[in-house]
Amino acid sequence: MYRRLLSLSFFACSVLSSVFAVHIPVRRESVSIRDGSHSFAVTKTSKSAGNLTGFLNVGDYRYIGNITIAGESFEVILDTGSPDLWIVTDSALSGSTNTSVAAQLNYGTDSTDSSSIMGSIFLADVDFGGFSISNQAYSKPTRVDVPNNTVSSGLLAPGMGGLIGLSPSEGSTIAANLQQANYNASGYNPLQNIFHSNPSMPAQFTILMSRNEGEGDTSGGVFTISDVVEEYASIQDTPVLLVGSKNPVLAQHWSVHMEAIIINGQWYNTSSSGAANLTAILDTGTPTAYIDPRFVDIMYGANAEKEGDFSIVPCSAQINVSLVFGGTVFPIDPIDATEPAGIADNGSVICEGAFARLEGFPDGTLLLGDTFLRNAYTLYNLNVGTANAVHDGPYVQMLNITNAATAASNFAQLNNQRLKNFAEAYGGSYVGSDDDSDVAAGSLSSQGTSSSSGNDYSALMRNSYIMIGLMSTAILLLLAIAILLVRRARESPKRAYRPVGAEKFDNVPLQYESYNATYKD
């Protein structure tokens, strides 16, 4: 599954394999659901069933919601990039059943940095989104192996208790392991159990993601089950984007055809190798986005300094980029296209582009996380449990919610506030830019002053001499600074800033991501 471990709002990550793990099963099996002594049942627990409680935005890097398992409440990450439910707890969770079926998930790109978690699959009564599910299967990891003490934990910040997968079930490890063990229980995740038990309900959920310019928790937006947000009900009339791919791995995800990416008004509809079939994976568990390196270089500049798969950019950079799905252009708010990532030695904020280089995936693949998804209201339809399905298989519908002109005009103010919040949170310093006010003042001044033919020519010449002298001095200073920088660069090749946020996740009891491997046919 495609699960982003850390947000660049907290980390300047250098190794994709140890930080942004990708679960691509080594072997795929069709999974059937078994009914028997542990068959599940679903009931509504409130009149507000379908609305998720506790939907929070944690610093624009995790979107979480409440789930109750065996009577105990957990805040779990909402992840459209994976299919399974798992929690981390020391509690015995009285009332749960240990199936004694093991669950092991591995991640990493090779033997030098691969990690794994191991535990058992349990069954328990679960409450989620106003529905109660009996005998819900979930994993409870008890061991994690992370090589070289790498900071690959940050999936779970303190207070987060696990993850609920929201992707189609074909890649479910829990379902596959229960089937292989011939255990009579459903391996569906909670949403799939809800829809299979209520065939008259639309088998869909929607997510409207909020934006958080601070470093704390705010409302996550709106998460609905089998319903839509009334204000955006027109999403049901938008083009249907069928999920599926000739590639069986991509078919396990919310992967849809993307027609083009628009950068500074220029349309691009082919990958670096010339492939015209662009495929986007929609993953709420990835805080940023990973795209073809060619597009990253066009977006931020091929000569931009690189930090791992990301590009160092000026914090004032206003990026103009849009994506095209189903004939509709989806502008990306420029506030989402860059983000603060660290503090320089002098205390200033360092920023990076939120679109990173994606390597080792099928050609033409884009992994679109929250950087994109905050700009679209998204409906995910599993297309299960109904006898009157109009479409074949899962599908997605999206509604553009970003006004490009408004977003551009608001960028400077929002960006200044974001950088100020970031500096205060991590012990840096930031002086807001007054560029806009300076430009405005200059324009007004020039409009209100006219030139007179009686101006003193000698005064003009005197001012010219002064300007020439100042320019000469400035040139000499620039040359001196350039020489100094070159010398320092030769003496110390390391970047003079510290990524921030890693300290927040030190000593996290357990981290999880599933298998990450270079794609192979």
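Backbone N, Cα and C define each Cβ position, glycine as well.
Unlike curated entries, TrEMBL annotations are predicted automatically.
The signal peptide annotation in TrEMBL covers 1-21. Annotated domain 'Peptidase A1' per TrEMBL: 63-390, in sequence order. Per TrEMBL, active site is recorded for D79, D283. Residues annotated as transmembrane segment in TrEMBL: 465-486.
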Please report the Cα separation of D79 (active site) and D283 (active site) in Å, rounded to an integer.
7
Which residue, of the active-site residues D79, D283, has its CB surrounded by the fewest other CB atoms within 10 A?
D79
Per DSSP, to which secondary structure element type does D79 (active site) belong, with helix, strand and coil as the options?
strand
